Amino acid sequence: MEPLLLGRGLIVSLIFFLLKFSKAIEIPSSVQQVPTIIKQSKVQVAFPFDEYFQIECEAKGNPEPTFSWTKDGNPFYFTDHRIITSNNSGTFRIPNEGHISHFQGKYRCFASNKLGIAMSEEIEFIVPSVPKFPKEKIDPLEVEEGDPVVLPCNPPKGLPPLHIYWMNIELEHIEQDERVYMSQKGDLYFANVEEKDSRNDYCCFAAFPRLRTIVQKMPMKLTVNSLKHANDSSSSTEIGSKANSIKQRKPKLLLPPTESGSESSITILKGEILLLECFAEGLPTPQVDWNKIGGDLPKGRETKENYGKTLKIENVSYQDKGNYRCTASNFLGTATHDFHVIVEEPPRWTKKPQSAVYSTGSNGILLCEAEGEPQPTIKWRVNGSPVDNHPFAGDVVFPREISFTNLQPNHTAVYQCEASNVHGTILANANIDVVDVRPLIQTKDGENYATVVGYSAFLHCEFFASPEAVVSWQKVEEVKPLEGRRYHIYENGTLQINRTTEEDAGSYSCWVENAIGKTAVTANLDIRNATKLRVSPKNPRIPKSHMLELHCESKCDSHLKHSLKLSWSKDGEAFEINGTEDGRIIIDGANLTISNVTLEDQGIYCCSAHTALDSAADITQVTVLDVPDPPENLHLSERQNRSVRLTWEAGADHNSDISEYIVEFEGNKEEPGRWDELTRVQGKKTTVILPLAPFVRYQFRVIAVNEVGRSQPSQPSDHHETPPAAPDRNPQNIRVQASQPKEMIIKWEPLKSMEQNGPGLEYRVTWKPQGAPVEWEEETVTNHTLRVMTPAVYAPYDVKVQAINQLGSGPDPQSVTLYSGEDYPDTAPVIHGVDVINSTLVKVTWSTVPKDRVHGRLKGYQINWWKTKSLLDGRTHPKEVNILRFSGQRNSGMVPSLDAFSEFHLTVLAYNSKGAGPESEPYIFQTPEGVPEQPTFLKVIKVDKDTATLSWGLPKKLNGNLTGYLLQYQIINDTYEIGELNDINITTPSKPSWHLSNLNATTKYKFYLRACTSQGCGKPITEESSTLGEGKYAGLYDDISTQGWFIGLMCAIALLTLLLLTVCFVKRNRGGKYSVKEKEDLHPDPEIQSVKDETFGEYSDSDEKPLKGSLRSLNRDMQPTESADSLVEYGEGDHGLFSEDGSFIGAYAGSKEKGSVESNGSSTATFPLRA
C-alpha cells in the first residue's frame, strides 16, 4: 500500500508544479513596464441607504501610473468638491449627500505612464429614482357574471428585480387558479367572473427588493352582477345554470393581446430563462396547452406553471430557438398563438489577447477573437486611442490579429481589443513590453527545503530575464551541473529531484544566464524519514452487534511529529473528526471504535497519516458476520408413506459458511403449532429424504446454522399426510407406583402422539407371579396406569405392556419384574453392644432383621439416642431424640458428637420404602470424661513494672471434673521473635485469678490459659499486655483506683467496649472478618503450632468451622487431645458413613420430645474429617 500512495503523492505534486509553472510570466516591479489595471468596478448602484458610492480603478506599472476618467465618452474631472480621491489610485468616492443624479453614467478609467496607457471596461453608475404609482382616480368596474375582466397594474419603473402581488386591503393574496391569472407585466386577468369576485379593494403592490421599497396602487372596485330571469319560481341553481348557458363562448386570447395578431417574436439571451404566457377568456374556463412546432419541448428544462398558462424553459440554448404554439380550448372551440423565439448572445472571448515580454529585435503576434449573436465587431486600440492614430501599430493589422517584427524598446505599449454587439461590449488589455535585462532571481538566497526519503524534492529558482535565459543546477561541493533521469529543471527554474535518498541532502546552486549576464542563488535540502503506518487487527471478522476496535500505529520523523495528523475513512468516505453524533462510532486519534456493529459497517477501513512533507496510509478489510438468512422455496417431492424428499434454496450466509441445516416439523396433534427437530443436514446440501411416522399431517421448515448462530426459520413447506399403521413400539419405563400391601399400581410412559401410528390407541397389560406355572392374566386400558390386587406382600411378578390401535398391535413386549406393595418391618434388631471410642464417639452393633420380616426392600437401619443425665452433677435431661440413619444391609454404625461424661439411652430399628419398623429395647451407656472447653474469658486486671494479675472465667463445658489450669506466658514485643515459654500449673480449680511476679519492666507479654481434667487440658484462651516503665508508674493502681475520676473513666471505657463488641457482633453476623489470623501468624499458640507441625502440616482458619448447612457444630464438642479421625475407618469398609456416590448418608437429628420414643424431626450433621 505504501508504494501506491507514494506514487499517487508524486503525481499530485507533479500536477501542482506544472500548473504553477505554466502561468504567465510576471515582470518584477523593479523592471520598467506599461500600466496594468488590476482592479476595477463593474456596475455600481447608488442605493439610498448607503453612506457613499465607490468606483474603483487600481493599476500597477513602472513608472507609477497616473489616472484619468471619462464619463459617457467625455473627459471627467473631479471638480465636484464632494468627490473623495485616493493617492496613487484611480478609485474615487461619491458621498451620499444632496443630489447625485447628475453622476449617473458610464465611466472608463485610464492608467498611464511614459510607456503606455491601460484602459478599463465601462463602469455603469446607476442612480435609481424612488418608484411611485401615479396619483389617479380609478373608476369602479361593473360587469355581468361570466364576462372577462382585466385589472391593469402598470407598475412604476425602478431598479430590477420587480415583484408584483395582488392583495386586498387586509394584505391577503388574491387567489389565482385556472380562471384567475396575473401576467408577467402584473395585470390581473379573469377568464370569466363570478359573483364571488365582487370586492372594492383589489390592490396591486410592486416590490423592489434591492431598494427595500414596496409601493401600492389605489384600490380598484369590481362589481359582478348576477343574471336574473323572469321566472321567479325557478330555483337559484336553475337560474345560475341558465345564465351561464347564455354566457358560454369559445376561447379568445387576452394574452398575448389581440393587437399582436396570431404570431409574435421574442428575443431571449442564451443561458437565461424563457417565459412564454397565454391566457384566454371564455366559458367554460379554457385549458391551455403548449407544443413546439417541428420539434419537442426540451426535456428536463421545461416546466408548465400557473395551471399551464406559462411555459418556462431554463438555461436557454441555441437549440431552443424556433416556433412555440399555445392552444386554449374548451368544448366550444380553440384559440392559438405562435411565438417565434430568437436566441441571441452577448460577446464572449474565444481567443483573448495575451500580454507578453519581448527582447529587442524579436517578433510577436496578438490574437483577438470573440463570438456572439449577432456576430460581434472587433476594434483595436493602442494606449486607449484608435489603432489608426498610433505611429507604430504593428507591421500587419487585421480585425482579429496584429503581428510585430524587429521589436524595439520604443514599441512598448498597451493594446486594447474591444468586441461588441447589440447586447454588450467586452474589452481586453494586452501589454507589449520590450525589455533587455540581466536575469533577476526572485527566490531568496539560502532558502531551506525538506522532503521525505523516496518523495520528490522541489528547489525553487524563480527568475525574470529578457532575452531568454538558461538555468542550471549543481551541488555546491561539485563542479559539474546535475544530470540524469532523476533531475528535471522547469522553465521557471525550479529543480525537481525524483526518488530522493539520504545522499541528496546538502546545498545546491542555481545559475541563470542570458545574453546580458548571469546570476546565482543557493538552496539547502534536508531529507527526512518517511512516515509509516500499521492498522491492527488485520482483516478482522466480527459478528454483528459486537464491538469493533481498530488501532492505527504510526511512526514518523522526529522533525515531522508536530505536523502529524491521523484520519480514518471507510470505503473512501472520510469520518467526522470525533465519529458520529450518536456516539456509536468513536474516533480517538489512533483508535476507532464501533459499538453494536451492523452489516453496513463492513468495508475497507483506511488510516491515513499526513505530515508537512508526506503522507501514508494502511487499510484493513472488516468483515461483519451475521446469522444466515432463512432458506427459501421449500419443495416436497418423492412422497412415500414413510418418507418424503425436502429441497430448499440457501439464503445469504453473511460472510460465514453455513455449517448445517436443521429440519424441523410440525404435526403433533396434542401440541399443534409446536416445532420439533427432525434431522440435521450438512451445510453444502440443500436436499434430504426425511423419515416419517404414520398418521401424521406434516409441515416442515428449515433453519440455517453458521459460526455466528441460527437463522430465522424458513417459511413452512406444504403439508404432507402419512396413512395410519399399527404401533411400531411399546410403552417404556414400566414400574410400580407406591402402593398398599398386596396390591400393584402398574404405570408406564404413554406413547407420544407421533408414536401412536393410528387412531384408537390402547394398552394390553398381562401379568403373572414370577416362576409360577399359571396362565397370564390380561386387561386392556386406554390410560397409562392399572391397579392389580395380589395375594402376597412384596411378591415378584412378570409384567408385559403392549400398544394396540385400530390397525393392529405393536411388537411382542419384553417382560419386566415388578413387586407387589410393601408393608412395615415387624421385628426390631437386637443391640449387641455399644463400644465407647472416646468421650464423644461410640460404635453400636446389632443383629440384622430376617429378610422375610422386612416385608419389603430393606433400605437401612436407624439409631435413635438421647441424653438422660450428666455424670458431673447428676442432673437429668429432658428427652431430646437424635436420629442417625445407615443405608443398606449392615450391623454396626458410629454415633458421633456426644456430650462427654454423660449417660445416654439408645435404640435401633429397621426401615424400608414403606417406613420404619419397631424399635429395639433401649440400651444404656455412659461416655467418659473429656478435656474442657477454653475458659470463657482471660483478662489482665492489674499490671505493674514487674508483676501482673490475671483473671478468667470457667469453661462453658467442663466435660469432666476440673483438676486445675495450665497458665503459660512469653515475651513478644511486636516482633517476629518470641521469648521462651513459661509454664505454671494451677491445681486449685476454684481459683479464678493468678498473680505473676518477676516480669521484665516495659515489656509486652502474651498469656495462654487452659482448663484441665484428668483427661488433659483443653484449648487455650490468650491475652496480651505490657508491664510499666521503671519507677515511673509503680503503685499507680494502688493510688488511683480509689479516685472518683478514675472510676468514671473506667465506666466510659466499659461503655465504649460494649459498643465496640456490639458492632463486631453485627459485623460477624454479616460476614465481617477480623485480623485474628494475622495476629496468630505473628505470635502463634505454641501448642497449636506443635499440633500443626506434627499432625496437619498446615493450619487453616476453616479447620474448626462447621460445614455449611449444619444446624449443630459437632467439632466444638470434640477434644483436641482425643481422636478426630475420619469416621470411615469405624464403618464397614470405605462406605461406613457414605452412600454409593461418596456423600455422607448419616442423618443426624435433634428433636425435643415429651414422652415420645420416635421423632419425625431431623437435621443433617456434618463431621470434620482429617485429610
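Glycine is no exception: its Cβ is also placed from the backbone N, Cα and C atoms.
TrEMBL has this to say about the protein:
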type: COMPBIAS; residues: 229-246; note: compositional bias 'Polar residues'
type: COMPBIAS; residues: 1112-1124; note: compositional bias 'Polar residues'
type: COMPBIAS; residues: 1157-1171; note: compositional bias 'Polar residues'
type: DOMAIN; residues: 35-124; note: domain 'Ig-like'
type: DOMAIN; residues: 128-223; note: domain 'Ig-like'
type: DOMAIN; residues: 251-344; note: domain 'Ig-like'
type: DOMAIN; residues: 347-433; note: domain 'Ig-like'
type: DOMAIN; residues: 439-526; note: domain 'Ig-like'
type: DOMAIN; residues: 531-623; note: domain 'Ig-like'
type: DOMAIN; residues: 630-725; note: domain 'Fibronectin type-III'
type: DOMAIN; residues: 730-823; note: domain 'Fibronectin type-III'
type: DOMAIN; residues: 825-930; note: domain 'Fibronectin type-III'
type: DOMAIN; residues: 934-1031; note: domain 'Fibronectin type-III'
type: REGION; residues: 229-248; note: region 'Disordered'
type: REGION; residues: 709-733; note: region 'Disordered'
type: REGION; residues: 1093-1126; note: region 'Disordered'
type: REGION; residues: 1152-1171; note: region 'Disordered'
type: SIGNAL; residues: 1-24; note: signal peptide
type: TRANSMEM; residues: 1045-1066; note: transmembrane segment
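Residues of the domain 'Ig-like' (347-433) grouped by DSSP class, helix first, strand second and coil last, total 6 helix, 51 strand, 30 coil. The domain 'Ig-like' (347-433) makes contact with the domain 'Ig-like' (35-124), as judged by at least three Cβ pairs under 8 Å among residues 6 or more apart in sequence. Across the domain 'Ig-like' (347-433), the model assigns an average pLDDT of 90. Each residue of the domain 'Ig-like' (35-124) gets a DSSP state, and the totals for helix, strand and coil are 3 helix, 48 strand, 39 coil. As a summary of secondary structure, the domain 'Ig-like' (531-623) carries 9 helix, 50 strand, 34 coil according to DSSP.
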